[in-house]
Amino acid sequence: MLHEDGAEAHLQEPLILERVEKEPEKKWYTVVSERAKKHCSCSPQKAKSKILGFVPILKWLPHYKLREWILGDIMSGIIVGILLVPQSIAYSLLASQDPIYGLYTSFFSSIIYAILGSSRHISVGIFGVLCLLVGQVVDRELALAGYLPESGTGINNTESLLAGQENSSAVACDRSCYAITVGATVTFTAGIYQVLMGLLQVGFVSVYLSDSLLSGFATGASLTILTSQLKYLLGLKIPRPQGWFTLFKTWYGLFANLAQTNICDLITSLVCLAVLIPAKELNDRFKSKLKAPIPFELFVVIVATLASHFGHFNSEYGSGVAGDIPTGFLPPQLPAWKLIPNVAVDAFSIAIVGFAITVSLSEMFAKKHGYTVDANQEMYAIGFCNILPSFFRCFTTSAALTKTLVKESTGCQTQMSGLVTAVVLLLVLLVIAPLFYSLQKCVLAVIIVVNLRGALRKFRDLPRMWHVNRIDAAIWLITMATSALVNTELGLLVGVLVSAFFVLGRTQQAQVLELGRTPTREHYENVSSYHGLRTHSGVAVFRYGAPLYYANQRLFKKSLYKCAALNPVREKAEAAASVTVMLEERSPIAVRSVVIDCSGVLFLDTAGVNALKEVRKDYREVAVEVLLAQCNTSVLESLERGGYYDSEKDGEVGKNNLIFFTITDAVNYVSENCCPQTLSIQSD
């Protein structure tokens, strides 16, 4: 029970609030039993609700407004499908896979997300950062398995390696086959992680991945992607470096092999860059006037394929080409179970990145268009977008910002757009794919590099980020530098740890501030921040703006004693040594009471409660009373559980009168009961 006391207490009844008695906490086994009964019980209505929640298409499809929405969905689906064709082929290169597997990946993910996804606007498919992460794992496992870079046989050319299917016959698996086996296994494992996180209802973890962290990670990974594609632009056949500091290793390999540059690939790359970069800028500049972005990438791919075919670039000049791209679908196969222990850690980081990107984009566009998405359902959706396609030789997917923006700007209304995109890709897979045989790899690399412009432009925003918030800018810089210069996966971990460190650091930097009262209102603010505030003689009012817990409780006491200009421990020691007790130069009037404003203290732990007990005990030993004001309910409960009230020796005064609703109540109580001579003085 808390009381409001004041100078006018004799004119009005004191304010009394009586706490609501809470039900006693249940035993853990009772809670588990009740939750098990709740989740395991079944009724027709509950079963229907669960099915509709898990398969959102069953909820929105019956209410689909055909006349209003179909045109926009068809238009956006076709355009995204057209853009996905060259990008799917190009990003297969980044994931160390054959082009056909990129088309498979985009096709299956478009269908599955349309069925299970809760966002109407995001485009799920191939994403550059995830392709890079998958490609690094694939190249590592290829090297461990004994495959030579860019070759189809093992080191000794005598030992056949198996595809990893336990139920298959002993058929030799070439480099391409083993690469997709590794990629599909990583994808399957990442999808399992994501579905498990959905089952455990841990969709909230996305809030711990801040925008600055994700942006820094994406930018750092983009630098790595850019560097990895330079060998294709130059027509060099050098292996992808493994381990840490791959950026430096790649540049060393490029300079060491610069003399072997394929002139045909170099000229083709420069021409394609000269076309695509201005074309992309035109699309960006006139996107408000264009009903749909012009698919310049597709035009470049078509022209480059024709030029390579009729110019015999592969046979005459040794230019690397996409090669055979079969039509139709291959039969499903199981993941390579024996590879899962090798890729489990990599798959976890891939799962986190894919989920975080998907949820952040889905929530952003849902907020923009006035609807809601379920983070856990997004976890299920993206998880099954990885699990099911992995049986059809696909690699990891997530939402992609560029294609999502295109999808939204071209009139997308619902997930139906994703099904239309799948139809476009199906047409390519069944009919058109073999026509890209002569497409040069350097053209695919150009498409990847040009699409990195958005992430690399973040460097231009760095001065503004630094001006707005230096901590966010520091997180961005550290995450970006670690991802680019050291290791991509490590960059994500370092970003999370640095973010946590800065959060803890802010609680460590919180200082106790002395407060003064405004002349015209009963409002208290920091005396060092505003002019004209009044302090009270004999009463010092302080505020602490951070949680009080084990990590900062010592700093709290040190800061309080310093700000109060009265260290009770030192005062007591000096008194014991018969030294004259003198206050420091802050005020000529001795402080007899200390009021602590706890409005900024969000919570207390045991160490925090003990710190307040010690502060009160230390000050009482030098005849100074400590009062608390504006404690929230959580703090009050922590004080009660921690025995703060039990340690009082003043009977009723303890619990009822030394914790107050407002600072004014506390100051008025002191003026009436402890320091009747209390006056207000002007702050300097």
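Note: Cβ is positioned from N, Cα and C throughout, glycine not excepted.
Just so you know, TrEMBL annotations are computer predictions that nobody has curated.
Marked as transmembrane segment by TrEMBL: 69-94 (among others).
TrEMBL lists 121-138 (among others) with the feature transmembrane segment. Within its own chain, the transmembrane segment (121-138) is flanked in space by residues 80, 84, 87-88, 91-92, 94-97, 102, 105-106, 109-110, 113, 179, 182-183, 186-187, 217-218, 221-222, 224-225, 228, 240, 242, 246, 343, 346, 349-350, 353-354, 357-358, 361-362, 365-366, 369, 381-382, 385, 395-400, 403-404, 406-408, 412, 418, 421, 448, 451-452, 488-489, which lie at least six positions past its ends and keep a Cβ under 8 Å from the stretch.
The transmembrane segment annotation in TrEMBL covers 178-200 (among others).
For 212-234 (among others), the entry in TrEMBL reads transmembrane segment.
TrEMBL lists 290-310 (among others) with the feature transmembrane segment. Packing against the transmembrane segment (290-310) from elsewhere in the chain are residues 75, 79, 82-83, 85-87, 89, 268, 272, 275-276, 279-280, 282-283, 319, 321, 406, 409-410, 435-440, 443, 446-447, 450: each is 6 or more residues past its ends and has a CB under 8 Å from a CB in it.
With a threshold of 8 Å between CB atoms, the same-chain residues lying at least 6 positions outside the transmembrane segment (339-359) that come near it are 122, 124, 127, 129-130, 133-134, 136-137, 141, 144, 164, 181-182, 185-186, 189-191, 193-194, 197, 203, 205-206, 209, 214, 217, 373, 375, 378-379, 381-383, 386, 396-400, 489, 492-493. According to TrEMBL, the transmembrane segment annotation covers 339-359 (among others).
Here the transmembrane segment (380-402) has long-range neighbours at 54, 95, 97, 101-102, 104-106, 108-109, 112-113, 116-119, 122-128, 130-131, 133-134, 180, 183-188, 190-195, 197-198, 329-330, 332-335, 350-351, 353-355, 357-358, 361-362, 451, 454, meaning same-chain residues at least 6 beyond its ends whose C-beta is under 8 angstroms from one of its own. The transmembrane segment annotation in TrEMBL covers 380-402 (among others).
Annotation comment: TrEMBL describes 422-452 (among others) as transmembrane segment.
Residues or ranges marked as transmembrane segment in TrEMBL: 473-504 (among others).
Annotation comment: TrEMBL describes 529-670 as domain 'STAS'.
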Stretch with greatest number of CB pairs under 8 Å, the transmembrane segment (422-452) reference, 69-94, 212-234, 473-504 candidates: 69-94
Surrounding residues of the transmembrane segment (473-504) on its own chain - C-beta under 8 Å, 6+ positions past either end: 129, 132-133, 136, 208-210, 212-213, 215-217, 219-221, 223-224, 243-248, 346, 349, 352-353, 458, 462, 465-466, 551
